[in-house]
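Features of the protein shown, as given by Swiss-Prot:
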ACT_SITE  804  active site, O-(5'-phospho-DNA)-tyrosine intermediate
COMPBIAS  1098-1109  compositional bias 'Acidic residues'
COMPBIAS  1325-1344  compositional bias 'Acidic residues'
CROSSLNK  385  SUMO2 cross-link
CROSSLNK  415  SUMO2 cross-link
CROSSLNK  465  SUMO2 cross-link
CROSSLNK  479  SUMO2 cross-link
CROSSLNK  624  SUMO2 cross-link
CROSSLNK  631  SUMO2 cross-link
CROSSLNK  661  SUMO2 cross-link
CROSSLNK  675  SUMO2 cross-link
CROSSLNK  1254  SUMO2 cross-link
CROSSLNK  1278  SUMO2 cross-link
CROSSLNK  1368  SUMO2 cross-link
CROSSLNK  1380  SUMO2 cross-link
MOD_RES   1417  N6-acetyllysine
MOD_RES   1437  N6-acetyllysine
REGION    1-21  region 'Disordered'
REGION    1089-1117  region 'Disordered'
REGION    1180-1217  region 'Disordered'
REGION    1233-1526  region 'Disordered'
SITE      803  site 'Transition state stabilizer'
């Protein structure tokens, strides 16, 4: 059966031929407006259906036999490419219909113009269509507008969509054959169409029993495409499509011309594109691959040619991409943008599309019923919500994407763009005159043809510029210009683009010299483009001056390394010491050289010495002398090779932190060895020095700055002080003020007496910080804060001006630093003046009491505060030969808890309680979370809401004092219930973390040492301190022996004179001395002993007199002035008896001392210190209670005042929780730290290998099976003095003078505060400001420990026995004890430290006794060796504060290190709570007061029955947010 639907087309063509003949004849309406059939329309307007049928030339991905898949220019006909693709996609679609399909065979025969595509799998049904009355294969391949894809309710993931595909191929072929077999219908169908589907051949039907298959064979009508044959380009495109199908269709083998294509999946297919492609560094591109789910597969790599994509939708190659590509790319871009912004802080702003331009993405997707913008299906337009699936890329993929080179590529592009901006804005060209830099004194020849002979002198500040200008009077202004620097310039190696662009100093130097970014100054001609041929650096001869030189060298080396090879840089040195005698004068340019001269000059004391601390010390006359001898003072920097580059990079590159550590470690060790061997220090500037290599400068001069930076920033293990703090202490000891002194005046005194060379403002802040005592500052303030020294409201920033506040030494300070030890210390000398010692030697390690924090070069230090009494007790244990007990961080007057998560990992918890279903009360904030900051950054956003989060609370009220915290917060019931579920501590940000993995301190020999645990610090200190007690005893024995001998001689002399055995009247002096020697009298014993010690007792004797003749040499021979100078009234009976008594007492004192060991001396000092500590604490408490309710006064008003300030007794305390996740995170941090240290090869400090850290951790875990918890509270009679945290940021260690809460608080359920949780002492100096926005710089002066004492409670008379000494939990012998007990026990003191009578106390019979072992982190704070045992107080304030449910009475301990502790039980806790709530509801509302916030303490002053919980309490957990400061 033959049809001829093309007849009208042929007639139309004939009509067109006659057109010329009928040109003049008017066209009829019928010939103008014509109707065509669908088939006619397709042939007449093929571009509507298959794209252009004209040859086009464009860049395409093709497959060439010799190179594989490549991107090249091809000439092809899009229409022909499309009809081939339609058949190929149909074959691939069959995989979605029949998952068992496994093979596609493609045959392309250009010679015979024949293309065949065969696939197995379910075939086309060989059955007659009952409606159309023809077989289905004939229907769908030979009839237009037929398809199986018209049911849009059916979700399909196939390429076919509109019903045109295969028919279009038929129409544009001269011959088109369909062959399909159906196992289901047991038939094989075959039919051929000819002449552009114009004629249909006979249909063949045969019986069939094999597997289904379909084969389409066609011969394209090349004439329609204006082609003669299938050329190389179109075949290359078709072959690539065969590879596409092999890569995008899973589990299908594709054969091309009988050969199987070597593609094993999408990942393998992607590699074909990336073969031989390299990144910017010459390495193969990294590919990130993920099979997200069965419908999505993504690969990503870096692109150097803008955004590139290869994508498939249901096997269709979407060469123009579409929304499926955007959907995936946008996810990746959003993540990469965040990373780039973090790494490019301050650089050129990077936008999303710029990040996308560096990506090459491969996407293979199956999408339900996709839509396209044309029949060519190059761009997929379906919206993402209709994809039928999602593609959520995993964190693993994103992490790999960040590391695959894209981020580096973007950052390189950013640098390139930044460079363009720098060149545009910051580079300079050569001009004769420079405008806009007023402080520049330009050389007259700068910018002229003689510019290479000009030198620019860069000076340290305006005063140095004045010196240089004075000197220019000698050398002239033609060749020398001067420009003053304002302090230290930027480290450009680590600076951001924005910093460099905005740095006026850098830009001025570039402009003055005429430098251009990225220009190479290798040859001499390039130097002629500069306005100056050299830069001369003129700074002070101190370490800060060396740093400025180093920064300038770094600036030139980083941007123009070639300039260093031309000797472009030089320095101008000035003397640091001058000595003169008569008219002779010598200058020294380094202190070691001066010391050498002194040691080789016997009469050096006769020379006048003048020290030059800066350029400003030199006079104009001296400046002219310097410039007149330019050869001596000008030192050129000489480039000696790659070692110079390496040295500069070592000093200033951020990436070489570990190398710098090793560099400084070697320096400190070398310096130590030189001291031990008595060798002089190495120095650079000798009399003959004319040049210097950069390597020498870095390793011999700049390293002194880096070391001094550490010395200024990191305290000593011995006294816990930094040099500035030590100078303050030295001055206070020397002044020994009995009256208070203004801080500003004391600062001036310190600068004078201790030779302090920096600004007095920083000195005043150091003094203030040493005196601060608020919660979170010092546990023991060494100075007294007399005036406003700052509070916890603002973290100390609210201190008054130093002109208005006073201070003086704390009465405890000289007990900590006994004067008897001063003689054993090594004092330093500055400008020939004796100043502070290299360290003091306190009786307890102050670095643990007040903590430490600082950031130096290569190292940083972070140590929390610890409890004073715990430290004292541990020292006593060491003195007794016992092992010290573990300690948790502790902050004076802090009422919250600190818990240990892992070794050196802690979490700090504030206090929150629930008052009723809509009200909570916050009564403590984590350490260093200041009240005002918390209000502004946490509560205000919760009250007002933000753009992203709705309001959480409805109102809050504040009842703080300067020492206490109290927020009463209102919420809806629903919000409060939800907050309880999440955890109130977490919601209200009342947990912060503390990491102590950087306990780095200077040891006693001046070397940095890293400590793994706090007990390592304690043991190091103990060994050294014990040795110095031995030295003290030795010194005292000598001194007492000399004094005893002196008194003995004096008494004997007086007695013999009275008896007439010695006659001194009217005798020559020489004869008298002879008589005394004959009678066996000693020459002055005290003077002789002091001379033997080679130490001069008084500072004044160390100071040289300006008068050269004052060096009087002591008379040779014995001296008896101590006898002969005695007054006559010594001969009286009274004075004689007194002298004999003194002699006997001194002998007794000497004998007593001989019988004491160094340990005895130490224990005595500790006993005296603890006794005075209790006096001071009692006074602090008394001072704080001034104005609070007492015995007199109006009780009601006072109670009302208390109710506002103190925590409500009704509150149900929320127990902070530590989740397993928090512990796991802490362990992960430790593992990560150890791993990073091992990988980076950080040098071990002082022989402590990193492996030992792990061993210590394991050892500690065995030793402390349970997690340790410490509830910080202070007992009323003898508070456990919480180790006051030293302001780690400041130069001073502030001491918390107030050790206890100043007010008594009625008990409430919350008050098992002390025992409520097994709080582990955890605090993270890294993340003290999880939410607070205080910036790190200000924190330098403001880090202080928080108040560690809970509110005191008023207790009825019957409970007023003196409380037990602060009890801390004993070491647990049960590793699982933490998990077993729902109610944490309060820490108790070790059995050994308890007074005998307290150990016999038994628990109340009405209370359930639940024995629990807890890790002993705290030790008895009051009953200590060497102090008098005190009676056990009954229910003191502290007792109630710590245990509102009843005094916790310790069960007698079985072992020293394991103490069983009674667990509180509370059968009625819930009912009690209900009663309390009802009381609140019933209480009368005061005038003008919102009842919601009213808690009347009048009704609740009597404590409720004290009991623990019977039920397991609700636990409120907060995860720690960990931000590392360092």
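Including glycine, each Cβ sits where the backbone N, Cα and C put it.
Projection of Swiss-Prot feature records onto the structure.
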| residue | record | CB count, 10 Å |
| --- | --- | --- |
| 385 | SUMO2 cross-link | 7 |
| 415 | SUMO2 cross-link | 15 |
| 465 | SUMO2 cross-link | 22 |
| 479 | SUMO2 cross-link | 19 |
| 624 | SUMO2 cross-link | 17 |
| 631 | SUMO2 cross-link | 7 |
| 661 | SUMO2 cross-link | 20 |
| 675 | SUMO2 cross-link | 12 |
| 803 | site 'Transition state stabilizer' | 10 |
| 804 | active site, O-(5'-phospho-DNA)-tyrosine intermediate | 12 |
Consider the recorded sites 385, 465, 631, 661, 675 and say which one has the Cα lying nearest the Cα of residue 415 (SUMO2 cross-link).
661
Distance, residue 465 (SUMO2 cross-link) to residue 803 (site 'Transition state stabilizer') (CA atoms, angstrom):
33
If H, G and I count as helix, E and B as strand, and all else as coil, what does DSSP give for residue 803 (site 'Transition state stabilizer')?
coil
Where does residue 479 (SUMO2 cross-link) sit in the DSSP three-state scheme?
coil
May I ask for the distance between residue 465 (SUMO2 cross-link) and residue 624 (SUMO2 cross-link), taken between their Cα atoms and rounded to an integer number of Å?
13
Of 385, 479, 631, 804, which is closest to residue 624 (SUMO2 cross-link) if I measure between C-alpha atoms? They're all recorded positions.
631
How far is it from residue 479 (SUMO2 cross-link) to residue 675 (SUMO2 cross-link), counting Cα to Cα, in Å?
46
Closest of the recorded sites to residue 804 (active site, O-(5'-phospho-DNA)-tyrosine intermediate), Cα to Cα, picking from 385, 631, 661, 675?
661
Distance between residue 631 (SUMO2 cross-link) and residue 675 (SUMO2 cross-link) at the Cα atoms, whole Å?
34
Integer Cα-Cα distance in angstrom, residue 385 (SUMO2 cross-link) to residue 661 (SUMO2 cross-link):
55
